[in-house]
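For 76-89, 287-299, the entry in TrEMBL reads NAD(+) binding site. The annotation substrate binding site is assigned in TrEMBL to R96, R106, R134, D224. Residues annotated as Mg(2+) binding site in TrEMBL: D224, D248, D252. Under the heading domain 'Isopropylmalate dehydrogenase-like', TrEMBL lists 4-359. Look at TrEMBL and you will find Y141, K191 tagged as site 'Important for catalysis'.
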Amino acid sequence: MSNSLLILPGDGIGPEVMAEVRKVIDWFGARRGIAFDVSEDLVGGCAYDAHGTPLTDAAMEKAQSVDAVLLGAVGGPKYDKLDFSVKPERGLLRLRKEMDLFSNLRPAVCFDALADFSSLKKEVIGGLDIMIVRELTSGVYFGEPRGVFKEGNERVGINTQRYTEGEIARVARSAFELARARNNKVCSMEKANVMESGILWRDVVQEIHDAEYPDVELSHMYADAGGMQLVRWPKQFDVIVTDNLFGDMLSDVAAMLTGSLGMLPSASLGAPMANGRPKALYEPVHGSAPDIMGTGKANPIACILSFGMALRYSFGKGEEADLLERAIDKVLADGVRTADLMQAGDKTPATTAEMGDAIVAALDASV
Ligand code: NAD
Ligand code: IPM
Ligand code: MN
């Protein structure tokens, strides 16, 4: 089967970290005989600059036809004043919505070499391996009515939290399936104490569990308490399933448990395509980091690990993904650090390119 991959580097540090992913893709081609049919297009502010839209219809069609999409990041201060409909972030949201990528997997794994680096104590995060499953195509991000309206003499901003039971059921199934392949535990987070959509969320997750996954251990938690528990004792969790907005926030919290936003990858998965592979988009959790763009400080690991998730979930190459993760582990254990992973007293940081080169060298040494 061919392996088609659409790369959308995007804005800010997106192209910088993607250049390092390219080295890794080339390595798998040259050394492991896994050829990728790679094409590239624009998304975000750079697409707006070139075409007046954050995602052209042609790029959208390409995304629909490939085995996997790999995205860098979108956005930046240059585009903050643009009309809402053409903001860079709209390009990413269009991809997620039109590809129907309802299940967003955001793992938070603590690499041993970074256990000292987190702002939390080593015993709290050492060996941490949790998976946040964020619903990605509905909820307050997409609910109607929405907009800024005039009400009498003042403006009112409206967004709507809306979930159908079908939308909750399918992401719940995705979480239960993942849990079965891990430590068999799911914690579902909502705010059923204040939101009707939260009550429905809790009920549907429980129903799917009782009918189809009674073997998986299920618990429910209010999302605010969940944030607190993530910081207090994150190792109590295995899989967390939650809605679009809570998942956005909780996954940023989880990212910092592991040391840096520059470390956290993600996979956004939809229904299986004709070839049996899921519709899929892979991207780091971090954004375009305009504050460090062009300085060589960007950590490419989140984006490289996102490619690793593509190997695992789209291309059926779990062992190759393991190889890549072990190479990153080795590089970190050897003390190679980009600026975001430095502590007081550390020597000069590695640049983005030096980190990419070190990972390729570790891959070379491993086979
Ligand atoms: P951000 O993730 O871009 O940056 C937050 C902080 O983390 C910054 O200090 C940044 O320097 C640091 N950081 C992020 N990634 C890093 C990396 N790989 N290596 C080292 N340091 C890293 O979030 P923000 O500043 O809130 O947003 C900036 C822009 O990015 C906004 O326009 C936002 O909408 C967009 N954004 C895009 C995505 C995406 O494309 N998926 C995600 C989040 C934010
Ligand atoms: C993320 C980002 C996006 C989101 C933005 C850029 C649309 O924060 O992927 O976490 O809010 O989903
Ligand atoms: Mn986010």
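Keep in mind that glycine also has a Cβ here, set from the backbone N, Cα and C atoms.
The recorded positions near ligand 1, defined by a Cβ under 6 Å from one of its atoms, do not include any of D80, R106, Y141, K191, D224, M293. Across the domain 'Isopropylmalate dehydrogenase-like' (4-359), the prediction's mean pLDDT works out to 96.
Nearest Cα neighbour of D224 (substrate binding site) among the listed binding-site residues (F84, P88, D252): D252. Listed in sequence order, the residues A223, G227, L245, F246, G247, M249, L250, S251, V253 complete the 8 Å Cβ shell around the Mg(2+) site centroid, once D224, D248, D252 themselves are left out.
For D252 (Mg(2+) binding site), the spatially nearest entry among the recorded positions R134, K191, M293 is R134, judged by CA separation. For the recorded positions shown (F84, Y141), fewest C-beta neighbours within 10 angstroms: F84. Burial estimate for the binding-site residues (R96, R106, K297): highest at R106, by number of other CB atoms within 10 Å.
D224 (substrate binding site) has a Cβ environment of 14 other Cβ atoms inside 10 Å. Taking all protein chains in view, 24 other C-beta atoms sit within 10 angstroms of the C-beta of A289 (NAD(+) binding site). Scoring each of the binding-site residues (G76, P88) by how many neighbouring Cβ atoms lie within 10 Å, the top position goes to P88.
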